[in-house]
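Accompanying notes for the structure given below.
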């Protein structure tokens with residue numbers, strides 16, 4: 001997962017040097033992208049829940065700054081606020097599960113948690129946090145609107161960072177065997193596909209494609225004991241083709257404007 005985040009981020013950073021050329025605040029934009037990548041690396045490389053939450057919280061804040069980068073546009077500000085609200089709700093669920101685990105086990109370490117049977121209430125809280133971050137059914141409202149940000153932002157958010165964080169956490173904490181995960185994922189996959197068919201904006205079509213693919217990842221988690229491995233495999237392959245789709249879309253949109 002770490003390598004996936006790194007190579008997708010490198011590709012997006014290289015792309016934005018051309019895409020954002022001439023923007024007076026390109027340095028600020030680049031710093032937001034770099035911070036976003038840094039927090040995602042903290043999330044996936046940390047060895048305990050504290051590091052995970054720092055990364056989880058950081059990517060949420062950075063996504064708000066990046067989606068609302070064009071602050072002079074009302075639609076961009078509204079979209080950024082919507083993403084922040086949904087992300088904060090998911091943050092609250094994850095924080096609640098962490099505190100419960102601390103009182104239950106006395107540890108935030110993954111190694112220590114592996115020796116305990118995680119209570120159902122913690123599983124539910126983590127699942128609610130994950131579906132908010134990964135834009136599952138009922139929490140999907142912010143994902144398409146996030147297209148108000150520059151195209152490099154869309155590529156980074158949808159490929160290997162923000163929206164995949166929920167899937168990663170479920171796999172990391174081994175909470176993928178619940179039947180609710182599979183049902184929710186299947187419903188999200190269907191919903192994302194139908195909404196994508198109805199969309200008439202290229203970036204929104206790709207955004208709903210992301211929603212659908214995240215649903216597939218969530219659904220496959222509960223299919224068998226190796227569901228987490230299959231989901232992570234799809235996550236990595238999805239990162240590659242989704243980043244390519246968004247970066248290509250940005251190129252065609254820029255050409256059309258010119």
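The backbone N, Cα and C atoms fix where each Cβ goes, glycine too.
Curation plays no part in TrEMBL annotations; they are all automatic predictions.
Listed ranges 73-90, 181-198; the one TrEMBL annotates as transmembrane segment is 181-198.
A Cβ distance under 8 Å defines the sequence-distant neighbours of the transmembrane segment (92-116), meaning residues of its chain 6+ beyond its ends; these are 47-50, 53, 56, 122, 125-126, 128-130, 132, 169, 172-174. Counting Cβ pairs closer than 8 Å and at least 6 residues apart in sequence, the transmembrane segment (205-223) and the transmembrane segment (155-175) reach three or more and so form a contact.
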